[in-house]
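Let me begin by presenting the structure, written as structure tokens, before commenting on it.
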Amino acid sequence: MGALFDLGLRLTRAGRSLRFGSVVLGCALSVALVTMAWVLPDAMFPPSPDPLETDPRRAPIASLLALITAPVIALLLAVGRMSAEVRDRRLASLMLLGVSRARTLTVAAVENLLPATVGAVAGIGLFGLLRVLTTALARDALAEPIVGGSRTILVAFGVVVVSTVLALAPIRRLAGGPATASEATVTAPSAWRLVPIPLALGLLGAVFATPTDQVTARTDLALFGAAVASALSIALATPWVISGVAGLLVRAPSVSVLMAARSVQTQGPAIARRVTGLGITSFVVLSAAGYLGIHESDPVTSGYVHQAEQGPQEVWIDAPNGESPLDPGLAAQIEAVAGVQGVWHTGTLRSPCSDGEESCSRVFVGTCRDLALLADVSGCSDAQAAWIRPTNVPRHLAAATSPERGTQAALENTRTGEPITLQVPGTMEQDVLASTQRWPRPEQYDLFVPAALAEELKAIDETHLTVVADQGSRVRFDIIGLAERADASVFVPALPAYEQIATLRVVVWSVAAASIAVAALIFALASIDRARHQRRTRARLVAVGVPARLLRSAQALATGTTLAVSLAVALGLGWASVTALAHTAGESQRMVNWTLLAVATAAISASAGALTLLTLPLTRTAVRAEDLRQE
């Protein structure tokens, strides 16, 4: 056993610093990112023994953070196969010398285990640094300190195991000895690589078959399983698909196309590993953008986001005990705040019916000026009560009730319980479509009661104020400050939904940024490794007079074609996932956050282009005399 361990250590040293450093870096980043994604939901929204008491934002945040595992697995796969050709030839030589498969596996495991363990330990330290930075930058978003604890050790152990298993996977192909590692051998990828695709589509089909009103935790589990299967599909199916494409391209008359196709046929998996991270990241970004877009396009949520970001916004102020009147001067103080459009006391009049009944009228108490802040009305008069007839109503805002409009309205005073018969001589109109210019989902009142008339009926609620103000937190904080000094409580109807969307945006952008960074790292490391491995191949071609320009165009074509296939698979599965997610949300219109998608696309393209330019000098390096002598 000691001899096998020594062989593994020698194989580690023979792999040189690039492979050792890549495995260490990959495992360190994997431990830090996965641990942070696991513990962050607990710090932001601590779980409660009663699921009903747990913050509803916890589930979507945890689901989004779980997406980071997809590029992490791609990173472990990429670094585990760094310098794979040389490593495989050495392991095959051991088997040719009579070393059994089991002992060869032991040598290979030791070779990968050492840098993976070093990387996992470094990852624990990196997580500590990341925890400090996150706490400093997002202190207000954390309800509890970020604690890794035993989960950090568990993730580190899991990363080491996964990295070692991925590094051992190709050993089964080495039974034929070093000849099997020949770079001229055309090996078609196995069709078993396609297994994750029907698995992903089957899980998405199960989600589609679930009625919207019957979505449960099992549905969420199916969506997560589909995401994992989709990521595996991108990584495994790309070499199989590109192999078929290369079989068609070898018949092309162009020499550069022929060379690119031949390169894909002989080294398809190695080329695919270079772009797999970009494909998986595209899937993650599209899924995250769809997740965010679906939440943002929810009719109620979008209305609240409009209030917070574009205005106007409502603020409700109540007496602390709900019975004592508010400070008489509070309304005037708030109205003097810059950005406040209107302040009024609401009424205590309502229809003596249950909401949703056809005879139930929605009553507005205030002045015509107050009503104009909430709805676009015409024909309003502060001298008389009036029915409000909606006109120009969009289909998605069609009123569910249509109360009878006579000359009288039966109301009750909610504070005293006294029934009131109100004379309603007037009629006015509300242009609902025009009202949506200020309020995406405007209030549709049926009855207007002037404030002066409500005062005569003693139906003014002195314990409540409604404030309409411009967008932004500044005016909101000014109002809250005045209310708190008057010992009043404040509620901003739009704020809970807006805070949820704001938190989702931060998490989605963070996941997208981390995924793009990991994909860029995979692309850079794989490009450097491939350039070093191809040195002898370039020497052979240069020796027979092949121009360098032709070599570069063939390399670019092989990489570009593989990247296009990977992106096609990723975007197809990503759009299917977004569609399934929209189905569970009950949305008929599928939407994505196009801003995030555009920025991420630009970042991925820029990263790939910049890294290609940075690694291009490696392919232009003058061929050494030693390379030509070897060939």
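A Cβ is built for glycine as well, from the same backbone N, Cα and C atoms used for every other residue.
What TrEMBL lists as transmembrane segment is 20-40 (among others).
Residues or ranges marked as transmembrane segment by TrEMBL: 60-79 (among others).
The average per-residue pLDDT of the prediction over the domain 'ABC3 transporter permease C-terminal' (64-175) is 82, rounded to a whole number. Residues or ranges marked as domain 'ABC3 transporter permease C-terminal' in TrEMBL: 64-175.
For 116-133 (among others), the entry in TrEMBL reads transmembrane segment. Packing against the transmembrane segment (116-133) from elsewhere in the chain are residues 23-32, 35-36, 146, 148, 152-153, 156-157, 159-160, 163-164: each is 6 or more residues past its ends and has a CB under 8 Å from a CB in it.
Per TrEMBL, transmembrane segment is recorded for 153-171 (among others).
The transmembrane segment annotation in TrEMBL covers 191-209 (among others).
Sequence annotations record features per position, and here TrEMBL assigns transmembrane segment to 221-242 (among others).
Residues of the same chain lying 6 or more positions beyond the ends of the transmembrane segment (276-294) and with a Cβ under 8 Å from any Cβ of it are 60, 63-64, 67-68, 70-71, 74-75, 77-78, 227, 230-231, 234-235, 238, 504-505, 508, 511-512, 515-516, 518-523, 563, 566-567, 569-571, 573-575, 577-578, 581-582, 585, 587, 590-594, 596-597, 600-601, 604, 608. The feature transmembrane segment is assigned by TrEMBL to 276-294 (among others).
Marked as transmembrane segment by TrEMBL: 506-528 (among others). Long-range contacts of the transmembrane segment (506-528) within its own chain (CB-CB distance under 8 A, at least 6 residues past either end) are made by residues 18, 22, 25-26, 29, 33, 61, 64-65, 67-68, 70-72, 74-75, 78-79, 82, 138, 141, 270, 273-278, 280-281, 284-285, 288-289, 291-292, 593, 596, 600, 603-604, 607-608, 611-612, 614-615, 618.
TrEMBL lists 557-582 (among others) with the feature transmembrane segment. Listed by sequence, the residues of this chain that lie at least six past the ends of the transmembrane segment (557-582) yet keep a Cβ under 8 A from its Cβ atoms are 197, 200-201, 204, 207-208, 223, 226-227, 230, 233-234, 237-238, 241-242, 245-246, 249, 256-257, 260-261, 263-264, 268, 271-272, 274-276, 278-280, 282-283, 286-287, 289-291, 293-294, 589-592, 608, 612.
The transmembrane segment annotation in TrEMBL covers 594-616 (among others).
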*Determine how many residues of the domain 'ABC3 transporter permease C-terminal' (64-175) DSSP places in helix, in strand and in coil.*
93 helix, 0 strand, 19 coil
*Close approaches to the transmembrane segment (191-209) from elsewhere in its chain (Cβ under 8 angstroms; 6 or more beyond its ends)*: 219, 222-223, 225-226, 229-230, 232-233, 236-237, 239-240, 573, 576-577, 580, 583-584
*Where else in the chain does the transmembrane segment (60-79) make close Cβ contacts, counting only residues six or more beyond its ends and a cut-off under 8 Å?*
19, 22-23, 25-27, 29-30, 33-34, 37-38, 40-41, 44-45, 159, 162-163, 166, 220, 223-224, 227-228, 231, 235, 273, 276-277, 280-281, 283-284, 287-288, 291, 295, 503-504, 507-508, 511, 514-515, 518-519, 521-522, 525-526
